[in-house]
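Taken from TrEMBL as is:
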TRANSMEM  A:23-48  transmembrane segment
TRANSMEM  A:68-90  transmembrane segment
TRANSMEM  A:102-120  transmembrane segment
TRANSMEM  A:126-147  transmembrane segment
TRANSMEM  A:208-232  transmembrane segment
TRANSMEM  A:252-276  transmembrane segment
TRANSMEM  A:288-316  transmembrane segment
TRANSMEM  A:336-355  transmembrane segment
Amino acid sequence: MFNKADNHNIELEFKKQRRAETLTAAGSSIGAVILALIIGAVIIRLLGVNPFDAYRALIDGAFGTKNSIAETLLRAVPLAITGIGITAAFRASIFNVGAEGQLYLGATSAVCVGLAFPTLHPAILLPLMAIAGMITGALWGGIAVLLKLKFNANEMINTIMMNYIAIYFVSWLVHGPIQQPGSPLGQTAGLSDNAILPIILKQTRLHIGFIITLLMVLLTGFLIYRTVWGYQIRVTGKNMFASQAAGIKVKWVFLSSMLFSGAMAGLAGFFEAAGIQHRMIENISSGYGYTAIVVALLGQLNPFGVLLAAILFGGLQIGASTMETAVGVPASAVTLIQYLIVILFIGRKAFSLIIQQMKKNRKVAA
Amino acid sequence: MIGDLFSFLTSSIFEGFLTASMRLAIPIMLAAIGGIYNERAGISNIGMEGFMIVGSLTGFVVSYYSGSVWIGILAAIFLGILLGLIMGYFEITLKVNQVVFGISLNLFCVGLTSFLFRIIFGITSNSPRITPLPTIMIPILSKIPVIGPILFQQTALAYITYILVLITAIIMYRSAWGMNIIAAGENPEAAETMGVDVIRTRYYAIIISGVLCSIGGAFLSTASTGLFVQNMTAGRGYIALAILVIGRWDPFGVFIAALLFGAADALQLRTQLFNFDIPYQFLVMLPYILCMVVMIFFSKSSRAPAALGEPYDRGGKKSEI
């Protein structure tokens, strides 16, 4: 029906259209960020602080020096790595809200491996710890999907419940069986040098986990967009019944996407313990598992977008404390701005709806 | 033997446990009763946790400055209406993914309340307090063993909750409006053909839900504790979602299920006091574990409203994530 030239033209059309779609999508994320920062500026003004001074301090704290850049990237690591895991699960319409608990348990088991074999060569020990963390995270997440498949139990509610269970369990562990002998704090003994992630930028804390994060982003992008598994995840998330009819093993897609998601959260836990704390502590994560959800959403459930969103949020969080000391705006204002970004992003359709309405009104008036 | 049992049932320890069970059940119960409206109308409210924490803070702050808990609760109701409208706009008008929006809204509300609390009260070592609602003993009825302490040795807000359970049952099963709600949740297209305004019905349902969740949150700060703690809802909004499933979207089912959780919570709190050899972490876990286990048992047989979570479009178009 079509000759070759037509085919070529159609293909070009498609490409153009896809590029335009990506651009508008990216535009809506950026628009949400800008609007939230403007609202944030109004709030800061209401607190009696000049918003320009506040934001200058924020940017300075996040990107001003080599060390602050390293800290920003370091903060982006758990957000990005957990975020790409959540991306895979959400794409399959598995609502994993349990990354926080998966991260805690992953970190704990990685540290246990590290403490058990303190003299092993790092090239063997570190991968072992990472695998232990990933398996633990994956299993903890997997339980929620198994309960969904077997008993039709809502995985979102269960993953939340399992967060509380995991965090209290870890709290008991670090105050009990694996507590550092003689310490009153909720923490394990320190890891040996072999079990600590090497630094990649001198005089900073930036460790090799950042490189691995970049690789994992590439890998996840490849998995989602270029493999059969990724295709099945995307189709199942869009329409479960159609994908079932097409012969896709929907149950396996659900389970495997969650296993991947849990493994990423576990890996993030390993990075936090072996790269920053150098032991397991009671409050290893300040809500990374939850923030990663909004990072994943703002990144449009696209691994590369997630990475950018994670660096943005990392910068906001690191800059927030500088802002607090410099101009006295509480750091929690930034937490608020973060979540506002996502609410605005989700509600982006409102703007086109309002514009439509205005046009209609103008027509009526004319 | 029977005398022993009777003296145990009327002992102050056991009666304390019983009153605490209901006191801890009320916030979850209020939220879950609210959930009956929106879920029966076919729209999910994952944001209950966020609604509750906003209600807690609003109720607390307004009570603190006005000196009256009831004005605080009134303010919480107002905020509940506002949040319900916002959620309705996102989920009904904009037709965004309801799970994604609910989760995000919860995170936003937790951040918002922590920020506002810090702004209003600063960083203080002695947290501000209000005088919580007093317990009202219902004459005669409160003296009945077991039933008395559970039902009739509570605060006024708890008695209002019982009435709300009854009213909800009457609305759902005995009123034309309740029929509209159920129709909008089961088959919105058919309901619309029969003259039900699905969108308006859903908006009302989500606003009622917002109000009840907000009162539930306010109960935590103004009736059971008299103070506000960051993130003090601690997952109760999510437990309320599970209670809906366990109570099968029925007001009395929700009443019983919430009471069960209140009892589990009261039990673990009391066990902590007695200093048994159980690490406290395992006791605190108990309500969450119970929530999972019971939900597993009830999920298979309990049937959610057919159109739950499906955005309704008059043109018949489906929305995307």
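Every residue, even glycine, has its Cβ placed from backbone N, Cα and C.
Automated prediction, rather than curation, is the source of TrEMBL annotations.
The transmembrane segment (A:252-276) makes no contact with the transmembrane segment (A:336-355), as judged by fewer than three Cβ pairs under 8 Å among residues 6 or more apart in sequence. Contact check: the transmembrane segment (A:68-90) against the transmembrane segment (A:336-355) gives fewer than three Cβ pairs closer than 8 Å, residues 6 or more apart, which falls short of the contact criterion.
Beyond the ends of the transmembrane segment (A:336-355), by six or more residues, the same chain brings 28-29, 31-33, 35-37, 39-40, 43, 291, 294, 297-298, 313, 316-317 to within a C-beta distance below 8 angstroms of the stretch.
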